[in-house]
């Protein structure tokens, strides 16, 4: 069986060649045949979702989705993919919960809707009683071997939790504080990220996670660091409109603060990705998306330099500040997640309208949201 180091090498190799899952699958099948590991029973529960992550997974090309369901995993419950419906389907879920407790993997797709006790989202019917998605995920999450939140809605709340968040939606980790939740973020999540995480769980157990609970093997570096247009940034050559071939930072690209391997893995059967289409990254893998990344086509403000001075983005791009840029990068990221950068960002993008805007903390929404300016 592959050791973990060899597996991680295939993660990178497969991203470049576009065949990551097909590289790993034979080793998994060999380990299954030799009895070294067992197939993981999988339950997929959908809550406040658009089903985009299921559609993304359906676009996996090697192996096929049917291979995943039958030869690689025991995909036992998934109401979008199952042939059976109603009670017959739900009985499968109850049987797994009863007889395979602490053996199955719980995949959750969609945000956790908390308003009015979760009664804006129902996920089942038991003994004539409607079961909310909130209650079902909590119940199954406490009995699962692993809990994996798939897609941005399940990981951090996603667009459903955007301002003003009328349903008080949030991510899975916030309703399961007792458990470690593996966050496979993205809007939607890449099929390789989903299957790669499941394969790692089957072969080696829980993968190494970064500070936001995402697998480091997919979310360990910023898009900016691996972007093929990084050379334009370093030379201070920026696009002035979407559709141009230069660095898209000045037209809204959020690559410098977005962690994902999109530049080397790409999308649509590894054929293309947003920047390859001359469209800026909108930061869909990051906590606080979409609120903290809006407006999508407006660039971040000048970056505040520790000590009070400010460095313009084009000066940083040309390397004028030299090694000091490294310090700015760290300060940039820490400021972003503390909310300071968002406040600066809002001020810079609202300046043209001659309006001031305040930032107000809220408990049930993303950490910061803009307060509407008085007319």
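Even glycines carry a Cβ here, placed using N, Cα and C.
Small disclaimer: the values here were computed from a predicted structure and weren't measured.
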For which of the residue intervals 300-318, 319-337, 338-356 does TrEMBL record transmembrane segment?
-> 319-337
Rounded mean pLDDT for the residues that make up the domain 'Cytochrome-c3 hydrogenase C-terminal' (219-296) | 93
By a 10 Å Cβ neighbour count, the lowest-scoring of the binding-site residues 153, 227 is 227
Tell me the Cβ neighbour count for residue 50 ([4Fe-4S] cluster 1 binding site), meaning other Cβ atoms within 10 Å of its Cβ, over all protein chains shown.
-> 17
How big is the Cα-to-Cα gap, in Å, between residue 50 ([4Fe-4S] cluster 1 binding site) and residue 227 ([4Fe-4S] cluster 2 binding site)?
-> 29
How do the residues of the domain 'Cytochrome-c3 hydrogenase C-terminal' (219-296) split into helix, strand and coil according to DSSP?
-> 27 helix, 6 strand, 45 coil
Among the binding-site residues 187, 253, 284, which residue has the largest number of other Cβ atoms within 10 Å of its own Cβ?
-> 253
